[in-house]
Amino acid sequence: MTATLERRESASLWERFCTWITSTENRLYIGWFGVVMIPTLLTATSVFIIAFVAAPPVDIDGIREPVAGSLLYGNNIISGAIIPSSAAIGIHFYPIWEAASLDEWLYNGGPYQLIVLHFLLGVCCYIGREWELSYRLGMRPWISVAFTAPVAAAAAVFLVYPIGQGSFSDGMPLGISGTFNFMLVFQAEHNILMHPFHQLGVAGVFGGSLFSAMHGSLVTSSLIRETTENESANYGYKFGQEEETYNIVAAHGYFGRLIFQYASFNNSRALHFFLGAWPVVGIWLTSMSVSTMALNLNGFNFNQSVVDSQGRVINTWADILNRANLGMEVMHERNAHNFPLDLASGDSCPVALVAPSING
């Protein structure tokens, strides 16, 4: 018998790279979306850290009154933030090469755009990477669909809202106190608490937390014990086991008696679909609310909607909320505006009868 041996041509560098990129045996899956995700998220993270520590003040309102947000300029972890790009830039694309100098780019808040745009591109690629890994493992694609909810929320406050308002200076600052400031100003200008989509989003987030706690506690309370009383029930589980790890019938019976029968799921697939869909749909709706208010389609305003037979206003909670909104708006951009437009809608009072003459 004669054996013929042929030399196998070695795979090219590109083929080996493709195999490595798409291999599901790696400790961390990279994938083709990861080729874009990794550098963009590393760039966003690096610039965020540097700017949070050392960025100079930014002229956010475009009135030559810079606001400091970095640690080296007197802030701490709570008060520090990446200040949004200047109102003088508007929604123009403002990379480093568009500025006359690096100092000008920093003064006008260029790092904010760099971080936000790289971050959004990176998390969108993360969605694609989740789908790609699911596809290669033969799984269904719903993990990536669920992650579209937080990405939609981030895109709403960092991109859609600034574009709708005409300036990146209206975007959410990248910091703890900056986030709260953004929320207060958003309420003052758009009455978001009275927007139905936002209310549904709150129900989605809080309801999701409630359902998660209920499900976790029910499962933990109905584990099928495979161990002795002297060992943790957790040791009775073997990874990849075919048997159920908890008794869904017992959990269903408990919850059905605690509230009423039809408040409890008796189908595990329907239960877990509900647990996944409820918060995701809620966050989608919240993102839609911010996106609609970007175009000033604001929340409901019921102030002064109740009057007596003489036409006098009977104050309701809506009027208290409206007064709170006006108070927050007064505090916002106090150097750019003396008072909000809502308070300036009355008759104007003349303060000068003759235009002053200017000599020189």
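Just so you know, the numbers here start at 1 and follow the chain as drawn.
Just so you know, glycine gets a Cβ as well, placed from its N, Cα and C.
Residues 20-23, 114-116, 118-119, 121-123, 125-129, 132-133, 136 of the same chain lie 6+ residues outside the transmembrane segment (29-46) yet bring a C-beta within less than 8 angstroms of a C-beta in it. According to Swiss-Prot, the feature transmembrane segment maps to 29-46 (among others), an assignment based on sequence analysis.
Taken from Swiss-Prot, the feature transmembrane segment covers 118-133 (among others), and the record attributes it to sequence analysis.
Among the features that Swiss-Prot reports, chlorophyll a ChlzD1 binding site is placed at His118, with the record citing sequence analysis. Residues near His118 (chlorophyll a ChlzD1 binding site) in space but far in sequence (CB under 8 A, at least 6 apart, same chain), listed by position: Thr40, Leu41, Thr43, Ala44, Val47.
Summarising the annotation, Swiss-Prot assigns transmembrane segment to 142-156 (among others). Residues of the same chain lying 6 or more positions beyond the ends of the transmembrane segment (142-156) and with a Cβ under 8 Å from any Cβ of it are 119-120, 123-124, 126-128, 130-131, 134, 276, 279-281, 283-284, 286-288, 290-291, 294.
The site 'Tyrosine radical intermediate' annotation in Swiss-Prot covers Tyr161. Taking a C-beta cut-off of under 8 angstroms and a sequence separation of 6 or more, Tyr161 (site 'Tyrosine radical intermediate') has the following same-chain neighbours: Asp170, Gly171, Met172, Val290, Ser291, Met293, Ala294.
Feature annotation from Swiss-Prot assigns site 'Stabilizes free radical intermediate' to His190. In sequence order, Met293, Asn296, Asn298, Gly299 are the residues near His190 (site 'Stabilizes free radical intermediate'), counting only same-chain partners six or more apart with C-beta under 8 A.
According to Swiss-Prot, the transmembrane segment annotation covers 197-218 (among others), on the basis of sequence analysis.
Residues or ranges marked as chlorophyll a PD1 binding site by Swiss-Prot: His198. In this structure, His198 (chlorophyll a PD1 binding site) is part of a helix by DSSP. Take the CB of His198 (chlorophyll a PD1 binding site) and look out to 10 A: across all protein chains shown you find 25 other CB atoms.
According to Swiss-Prot, the feature Fe cation binding site maps to His215, His272, an assignment based on sequence analysis. Cβ neighbours of His215 (Fe cation binding site) (same chain, under 8 Å, six or more residues apart in sequence): Leu271, Leu275.
The list of residues near the transmembrane segment (274-288) in space but at least 6 beyond its ends in sequence, with Cβ under 8 angstroms from a Cβ of it, reads 142, 145-146, 148-150, 152-153, 155-156, 197-198, 200-205, 207-208, 211-212, 215, 265. Positions annotated as transmembrane segment by Swiss-Prot: 274-288 (among others).
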Do you know offhand how many angstrom separate His198 (chlorophyll a PD1 binding site) and His272 (Fe cation binding site) by C-alpha?
24
